[in-house]
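J.: For reference, the structure I am asking about is given below.
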Amino acid sequence: MVDSLDQKMPGYMVYCVVVACIGSFSNGWVIGSANIPGQVTHSCVHDEGSFHFTTSSKICPDCLPMSTSLWGFAVASFCLGGLFGGLLGGVIQTRYGRKKTIIFNNVGWILGGVLIAVSTSPAMFIVGRVLCGLSCGLGSLATPTYVGEISTIKARGTMGTGNQLFIVTGILLASIIGLPLAKVPLWRINYVIVAVPAVLQTLLMAGCVESPRYLVSLNRIEDARESLAKLRPNSSIEREFYNMVKGQLGTSAASALTNSNSSSSDRGVVNVSVPELSKTSFEQYMFEEVLSQDSNDDNEKNGVCCEATLSMNVIQIFGNPLIKRIAVTVLTLHVIQQLIGMGAVMYYSTTIFNIAFDENMSKYMAIAATVVNFVSTLISLLLIDRMGRRALLLIAEVGACLFSVLLVIGFVYNSGALLVVSVFGYVFFFAVGVGPIPWMMTSELTPLYASSAVGAIATAMNWASNFAIAQLFPVVFAGIHGYSFAIFACIAALAAVYTWFNVPETKGRSLEQIIDNFKSAS
């Protein structure tokens, strides 16, 4: 029988990943849904002959009158929801588990989508966007965490990129479907569509298992073993399961709780039966086990065994030198993802395309940019487990820097062709690396006992940076125009330098090896 560590893409595991990533599709839909129908939503200008209710209707007005600045805030308000969703996500997924969190997360998309569809005022629209944003933020944490914890080592990169692929698919379809729905009253349908995948995921998640790593953290050892066995059918899971328990609880606990001596490389593994204990008793037992380990125990040398029995909070993260270093790396990757300027490039893509094309064609070119985003993410999915995360991220950051510089040159010389090439090139490199890798590496770099807290802060920082770019870039662009993209070129260059010196490769590596890398570098 094949060892589960040698498996790549077991069918049931792929099913669970795909179902979990339906939420990422909803996330992408929320991001893209306001792009095409935005004008008809807030400006009250319609195509002649289009079917619409009278503007005097209080039940279903033609549009929701908003100034340009208010509309910009309304669109970006979902980022505020994402900020709070990310902050709350750590506590929620630690207490209720990854599976239940993903199921519960659909409530925001359903309620928010319906509220926007029936909104009669800008305030209702904004509240609906914030509700959708709460789910986007919580899902941004829960989905990558779940996917990372259930995936095989050999397919973890591909599965992790699947999360980003579903996001860009949602953005792309929202843009395409938004074209025929950019009319009164069809724009309302455009916003409520997000409830459809949310309901679908709620139903399908019932057939998925809980993360075995999360179950180990609860001392539900047999449940964790059963979960892993379902995720790795027709294979021997003993070595992987032993390493899973060892990574969280230490060698002695793994030996006792897994009854495993399957790996010749793991000395000191004995057949000791330990009964299921209450949470409090189990924690006391684990502390005693850790204290009894000799000084050569790998986990004790890394200083993580004692903490492995409990989930760390935000304060504890920054009080532990090793976890603090990991957290800073993860947070930096997430801030870079937003400050490198993808949101600004996509937000102003239509303006850029207007230099080379008429207004109608510019709309289609903006959709073409989302197609490039989708295709590039597919390429990333194929390359991530071949080239590795670090190499792909470096290439992406250098490419983003280069095409940001070309954007500046295109604006200075008013070259429409160069601007179009620059936008497509920038989107390509962002989607290949900077887009998917920070979310993936959050779960790969962080030990499970710190993953919820680190992930919550990282998600919140990501959404806060997203909101800041959405609000500040229009002001900067109005002041210095095309030169504003030089800022993103500098950030991309600094990001490449940071990645070169601080970001380790995680491809095909265990948690223990990754922690050792951080420890030796500190």
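Cβ from N, Cα, C; glycine included.
Values in this document were obtained by computation on a predicted structure and should not be read as measured data.
Reproduced below are the annotations present in TrEMBL:
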DOMAIN    16-507  domain 'Major facilitator superfamily (MFS) profile'
TRANSMEM  12-31  transmembrane segment
TRANSMEM  70-91  transmembrane segment
TRANSMEM  103-120  transmembrane segment
TRANSMEM  165-182  transmembrane segment
TRANSMEM  326-349  transmembrane segment
TRANSMEM  364-384  transmembrane segment
TRANSMEM  391-413  transmembrane segment
TRANSMEM  419-441  transmembrane segment
TRANSMEM  448-469  transmembrane segment
TRANSMEM  475-501  transmembrane segment
J.: Return yes if the transmembrane segment (103-120) and the transmembrane segment (419-441) have at least 3 CB pairs under 8 Å (sequence gap of 6 or more), otherwise no.
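T.: As far as Cβ distances go (cut-off 8 Å, pairs 6 or more apart), the transmembrane segment (103-120) and the transmembrane segment (419-441) do not touch.
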J.: Could you give the residue numbers and ranges of same-chain residues that sit at least 6 residues beyond the transmembrane segment (475-501) on either side and whose C-beta is under 8 angstroms from one of its C-beta atoms?
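T.: Those are 332, 336, 339-341, 344-345, 348, 390, 393-394, 397-398, 400-401, 404-405, 407-408, 410-412, 434, in sequence order.
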J.: Along the domain 'Major facilitator superfamily (MFS) profile' (16-507), what average pLDDT does this model show?
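T.: Per the prediction, mean pLDDT sits at 86 for the domain 'Major facilitator superfamily (MFS) profile' (16-507).
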J.: Same-chain Cβ contacts of the transmembrane segment (419-441) under 8 Å, 6 or more residues past its ends?
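T.: For the transmembrane segment (419-441), the sequence-distant neighbours (Cβ-Cβ under 8 Å, at least 6 residues beyond its ends) are 140, 144, 148, 156-157, 160-161, 163-165, 168, 330, 333-334, 336-337, 340, 342, 345-346, 349, 352-353, 355-356, 365, 368-369, 372-374, 376-377, 379-380, 383-384, 389, 392-400, 402-404, 406-407, 410-411, 458, 462, 495, 503, 506.
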J.: Using Cβ atoms and a strict cutoff of less than 8 Å, what residues sit near the transmembrane segment (70-91) while being 6 or more residues removed from its termini?
T.: 30-31, 34, 38, 41-42, 101, 108, 122, 125-126, 129-142, 452-453, 455-460, 462-464, 466-467, 470-471, 474
J.: With a cut-off of 8 Å between Cβ atoms, can you find at least three pairs linking the transmembrane segment (448-469) to the transmembrane segment (165-182)? Only pairs 6 or more residues apart in sequence count.
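T.: Contact criterion not met.
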J.: Residue list, the transmembrane segment (165-182) vs rest of chain: Cβ under 8 Å, 6 or more residues beyond ends.
T.: 21-22, 24-33, 35-37, 39-40, 189-190, 193, 363, 366-367, 370-371, 373-374, 377-378, 381, 431, 435-436
